[in-house]
Amino acid sequence: MTTTFEFLQPRIHGFATCCSSNSLLYSKASRFFNDRCRVYRQNPNRFVSNSITLPLQKKQVTVLRNHERFNLWDGFSRKKSRLVVNCQEDDQNESSSEEEESSQSTPAKSERKREKKEDKVWWSKGKKWQWQPIIQAQGIGVLLLQLSVVMFVMRLLRPGIPLPGSEPRIQTTFVSVPYSEFLSKVNSNQVQKVEVDGVQVLFKLRDDGKWQESETSRLSQSSESLLRTVAPTKRVVYSTTRPGDIKTPYEKMLGNNVEFGSPEKRSGGFFNSALIALFYIAVLAGLIRFPVSFSTSSTGQLRTRKAGGPDGGKVSGGGETITFADVAGVDEAKEELEEIVEFLRNPEKYVRLGARPPRGVLLVGLPGTGKTLLAKAVAGEAEVPFISCSASEFVELYVGMGASRVRDLFARAKKEAPSIIFIDEIDAVAKSRDGKFRMGSNDEREQTLNQLLTEMDGFDSNSAVIVLGATNRADVLDPALRRPGRFDRVVTVETPDKIGRESILRVHVSKKELPLGDDVNLGSIASMTTGFTGADLANLVNEAALLAGRKNKTNVEKIDFIQAVERSIAGIEKKSARLKGNEKAVVARHEAGHAVVGTAVANLLTGQPRVEKLSILPRTGGALGFTYIPPTSEDRYLLFIDELLGRLVTLLGGRAAEEVVYSGRISTGAFDDIRRATDMAYKAVAEYGLNQKIGPVSVATLSGGGIDDSGGSPWGRDQGKLVDLVQKEVTILLQSALDVALSVVRANPDVLEGLGAQLEEKEKVEGEELQKWLSMVVAPEELAVFVEGKQELLLPAQASSS
């Protein structure tokens, strides 16, 4: 025999549970468990989630019956009795009897004592006080709020009673008159009733209609018009204000038998006060039950995405799901994160080998390399809750909010464990606490960081929560956050190489379903975009499509990609701004000087790229001219000393051309070239160790006495002596490069003038026309000596004096 019963919602009063289907037992026990459970016969037709099926043989079934009594100090005291039922196969032979628990069984007696002790105070659990209200605060708040609203509406709908004893539901009109009118009516014995409240006087005439007919002309014009509008009303009450230096004519009113006094208080004062108190209690109960956050960036707004749900893995509410198939060019970083997702999907594969999941993974890389995209891919691939937020959401004006939000975030993640937390731009709250990267003290950020450290690997840490962090400033993070146990892995997301750039271009082209022309080779475009990040390449594809659409093309051609690359490097050509006169000639010779010197360097050094395009059209980036030298066809990770010196000479070729052509009358057009050359020369001397006088040392480390993370000035320990030497060597190197550039320009005067004149006329020179001029460039001996690193031979006087 099988019995199925379904538990219903519990009630506040006492209850009992039963496990039998005998009809006789049901009739006897229905008075105490009818509200608690519903009994079904054999082979039930339906089941519910909380139903239980019990096989019943020839045995006894014991049913507990709870008698509860509430005491204000002790809570609910329970008295238990047991109902013993003999269940057999035949329903007709079943019998039942009710008896108290046997006192002969020692284990049963001790069990009853323990249950009685535990149930005496029903809200005491494990020596911890836990108040469990009988009626939820939500119900109380809703009830009181509804009652308050109803009574408030009734109060508004109840008619006013301006004078005691007047008839209810009669429309009353108040007419304001001067105090002199009131005195006149009192003296003429026309006033029937007066109420005095300080200086406010309300009075009623003995015969309103007669007075209105006879005395209308004596009132003011405004009062007369008002009386005519209220002529049909049953009652008119006049109001006036007594001047402070005039007494109320009580003696005259007594003589005329006028009923007067102060206004009576309306009934219901206690009721109104109670109503207001109930309203505030309802509001308070609602706020306690449903706390309201006045911050727009609270952790309650953190987005939870679950794979497989309606919003599973979505980057935004209406966005599309990102998976690892959409990530290219960062294979190493993707492999690290795929392993974490695989661990969450199939933990037995690693647990049997003794492995544990990493507590945290820190994604480090330049802006645009794809750190957030990788996190979105994890959200799309993981079959666990994924909670994302920004570190800037933790810290606000109020002290303690940051730490509280961190606790709420991890509490939510632990509740849904296993889960993943992604904190973007984590350096906003995780800067080092030693003062090196802090301009001032910020206790709120430090409290937030301390709470984050505790949650990740503290006393109550939870390995079921994995934290992903993203930053492009890993050097400023606190060492306690970067240690193993918190961020076990530091994944560097680097700029993609040529193969990676080509893969990224293919992903974006296929994702946008971009129709490409026959002349488009994504491999050659990848070679043109050395140093581009994933975000740069995505923008490049979009810009190429926009340029093709602007020209009403059906396909995106190679020229569109080339123009998009130029826009990314130098900006957009200005159509309205054009150079004229002497400025146009100077800029043309300046760009021709870059081309001549760059070609001479490429003739000496094998494998160096050559100039492909010259332009003197102003661009939005601020450049008046543009010399395009494409990067090498293969990715380079090292820069040799001769290549570095050759780039220095090329950068100063424009300034050298201006000095030669205009006999020393130079312009400010070379300011960007000088800035870039100075930066390159400083790194060669102070960081790369390419200067013979200073030697192969790191100037910053040497001047500080070793690697020092205290945040002190790098020049503080030698009183600036080393920086003076570095400045002197940088100046000598730049001057030597300029002298060599002057030698190259003087060795090619015809090419400089001819190419400059043609560029001034056409504003843009490229292709075979440009290569015809550059094929005539020769490299002087001074250039060969300089790129070999023997610049001291070119300046013997300066070398000897130094």
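Keep in mind that glycine also has a Cβ here, set from the backbone N, Cα and C atoms.
Since this is a predicted model, take the numbers as computed values, not measurements.
Feature annotations, reproduced from Swiss-Prot:
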type: TRANSIT; residues: 1-55; note: transit peptide
type: COMPBIAS; residues: 88-102; note: compositional bias 'Acidic residues'
type: BINDING; residues: Gly365, Leu366, Pro367, Gly368, Thr369, Gly370, Lys371, Thr372; note: ATP binding site
type: BINDING; residues: His590, His594, Asp673; note: Zn(2+) binding site
type: ACT_SITE; residues: Glu591; note: active site
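Cβ neighbour count for Leu366 (ATP binding site) (all protein chains, 10 Å cutoff from its Cβ): 15. A coil conformation is recorded for Gly368 (ATP binding site) in the three-state DSSP classification, outside any helix or strand.
With a cut-off of 8 Å between CB atoms and residues at least 6 apart in sequence, the same chain places Leu651, Leu652, Gly654, Arg655 near Asp673 (Zn(2+) binding site), listed in sequence order. The sparsest Cβ neighbourhood within 10 Å, among the listed binding-site residues (Gly365, Pro367, Gly370), is found at Pro367. The binding-site residues in question are Thr369, Thr372, and the one with the fewest Cβ neighbours inside 10 Å is Thr372. Within the same chain, the residues at least 6 positions away from Gly368 (ATP binding site) whose Cβ sits under 8 Å from its Cβ are Thr533, Gly534, Ala535, Asp536, listed in sequence order.
Sequence-distant neighbours of His594 (Zn(2+) binding site) (same chain, 6+ apart, CB under 8 A from its CB) are Val611, Thr627, Thr650, Leu651, Gly653, Gly654, Ala657. Taking Cβ-Cβ distances under 8 Å and a sequence separation of 6 or more, the neighbours of the residue listed as 'active site' in its chain are Leu614, Ser615, Ile616, Gly625, Phe626, Thr627, Gly654, Gly756, Leu759. Cα of Thr372 (ATP binding site) to Cα of His590 (Zn(2+) binding site): a span of 43 Å.
Here the Cα atom of Thr369 (ATP binding site) is found 35 Å from that of His590 (Zn(2+) binding site). Taking the C-alpha atom of His590 (Zn(2+) binding site) as reference, the shortest distance to any of the binding-site residues Gly365, Pro367, Gly370 belongs to Pro367. Of the chain residues outside the ATP site list Gly365, Leu366, Pro367, Gly368, Thr369, Gly370, Lys371, Thr372, Leu373, Ala470, Asn472, Val493, Thr533, Gly534, Ala535 have their Cβ within 8 Å of the site's Cβ mean position. The Cβ neighbour count for Lys371 (ATP binding site), using a 10 Å radius over every protein chain in view, is 27. Sequence-ordered, the extra residues of this chain that approach the Zn(2+) site, with Cβ no more than 8 Å from the Cβ center of His590, His594, Asp673, are Glu591, Gly593, Gly625, Thr627, Leu651, Leu652, Gly653, Gly654, Arg655, Ala657, Gly669, Ala670.
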